[in-house]
Amino acid sequence: MNIKEQIINLPKVELHCHLDGSLRPETVLDLCLKENINIPYENPEDFKSSLKISKNCSSLKEYLEKFYFPIRVMQKKENIYRVTMELLEDSKKDGIEYTEIRFAPFQHTEQDLNENDVVEAALEALQDGESKLGIHSNLILCSLRHDPVERSIDLVNLANSYNEGVCAVDLAGNESDFPPELHKEAFDLAYDNGIKITIHAGETGIAENILKSIKLLHADRIGHGIFAYKSEEILQYVIENQVPLEMCPKSNVDTKAVKNYKNHPFKKYFDLGVKVTLNTDNRTVSNVSLVDEYLNLANIFDFGIEEIKTVIRNGISASFATEEFKVNLLKKLD
């Protein structure tokens with residue numbers, strides 16, 4: 001077997017995958033037509049291409065503009081179910097056995113749905129993914145930095161109302177203008193209720209947001225964390241406390257957080273003993289699969305199959321799955 005076949009066959013997990021950044025382009029087009037959403041392209045292929053990032057993308061802000069149409073079409077239960085199920089199908093093709101899919105429910109209440117309708121539509125797909133595809137999954141509910149803390153508190157209460165299927169809460173969005181502490185009250189509430197927490201931090205050059213997210217917002221994991229190296233103190237803290245980093249190299253190259261793949265700190269962190277995990281972030285926007293990301297580790301950073309297995313082990317142990325599930329998946333990997 002060649003390296004790609006070996007990677008496909010390994011039982012993998014994904015911890016950082018945004019639903020609205022991972023819709024199939026043909027599905028977005030189909031739903032736009034069904035919902036009479038005006039698209040600014042005469043050629044359907046041009047529209048589908050526009051959902052993916054170009055090499056000329058200059059920033060995270062420009063990258064996030066790609067979410068406009070996916071969010072527009074995710075305003076009905078049947079559409080949310082469909083795109084969630086399709087993501088599970090795409091994940092299964094990648095050899096993923098467990099995935100945590102994240103999205104911001106309040107972004108999908110522009111029409112007739114309330115936030116519970118939104119979550120339940122996605123959960124129905126997760127249940128069918130388990131029974132029909134054999135892929136285990138959970139939801140992570142995202143709060144958005146630019147929203148007031150009261151909205152984040154509502155989000156935490158929403159997550160707390162589900163005993164199964166919702167495994168954690170997250171804080172995402174513009175970290176340059178909205179530091180973690182603005183949402184401390186909400187994440188204190190999550191922590192007090194035993195809800196797992198992951199926070200986007202250190203994605204856009206602000207290393208101190210990593211430590212703030214851990215100490216003020218009780219983060220169990222950090223989304224991205226690429227700029228930990230800017231502070232020796234923060235990097236050592238992450239290593240000594242084995243704080244898992246949900247790393248998404250292709251996405252970071254696309255947003256110009258790093259110059260190119262070789263400049264990404266993934267290998268440096270791996271060699272230093274950071275608990276790095278590998279993820280796609282946004283499959284469609286970044287035009288990447290998890291197998292692609294592991295192939296990049298092999299081809300660009302010379303990772304062998306044992307090093308790849310170590311990264312997968314990191315992901316399994318850092319996941320918010322049950323301990324029993326994690327033990328069984330680790331046995332399967334070994």
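Glycine residues also receive a Cβ, built from the backbone N, Cα and C atoms like all the rest.
A C-beta separation below 8 Å, combined with a sequence spacing of at least six in one chain, links Glu203 (active site, proton donor) to Leu60, Glu175, Gly223, His224, Gly225, Ile226, Phe227, Asn252, Thr255, Ala257. Under the three-state DSSP scheme, Glu203 (active site, proton donor) falls in the coil class. Annotated active site, proton donor per Swiss-Prot: Glu203, in sequence order.
His18 (Zn(2+) binding site) carries a strand DSSP state (E or B). In this view, His18 (Zn(2+) binding site) is surrounded by 28 other Cβ atoms within 10 Å of its Cβ, with every protein chain counted. Positions annotated as Zn(2+) binding site by Swiss-Prot: His16, His18, His200, Asp281.
Sequence annotations record features per position, and here Swiss-Prot assigns substrate binding site to His18, Asp20, Gly173.
All protein chains included, His224 (site 'Important for catalytic activity') registers 27 other Cβ atoms within 10 Å of its own Cβ. Under the heading site 'Important for catalytic activity', Swiss-Prot lists His224.
Between the binding-site residues Asp20, Gly173, His200, Asp281, the minimum number of other C-beta atoms within 10 Å of a residue's C-beta occurs at Gly173.
Cα spacing between Asp20 (substrate binding site) and His200 (Zn(2+) binding site): 16 Å, rounded to the nearest whole number.
Compute the center of the Cβ atoms of His16, His18, His200, Asp281, which mark the site for Zn(2+); besides them, the chain residues with Cβ within 8 Å of that center are Cys17, Gly21, Arg102, Ala172, Gly223, His224, Glu246, Cys248, Ser251, Asn279, Asn282. Other residues of the same chain near the substrate site, with their Cβ within 8 Å of the Cβ centroid of His18, Asp20, Gly173, are Leu19, Gly21, Leu64, Phe67, Arg102, Phe103, Ala104, Gln107, Cys142, Ala172, Asn282.
Reported as a whole number, the C-alpha separation between His16 (Zn(2+) binding site) and Gly173 (substrate binding site) equals 14 Å.
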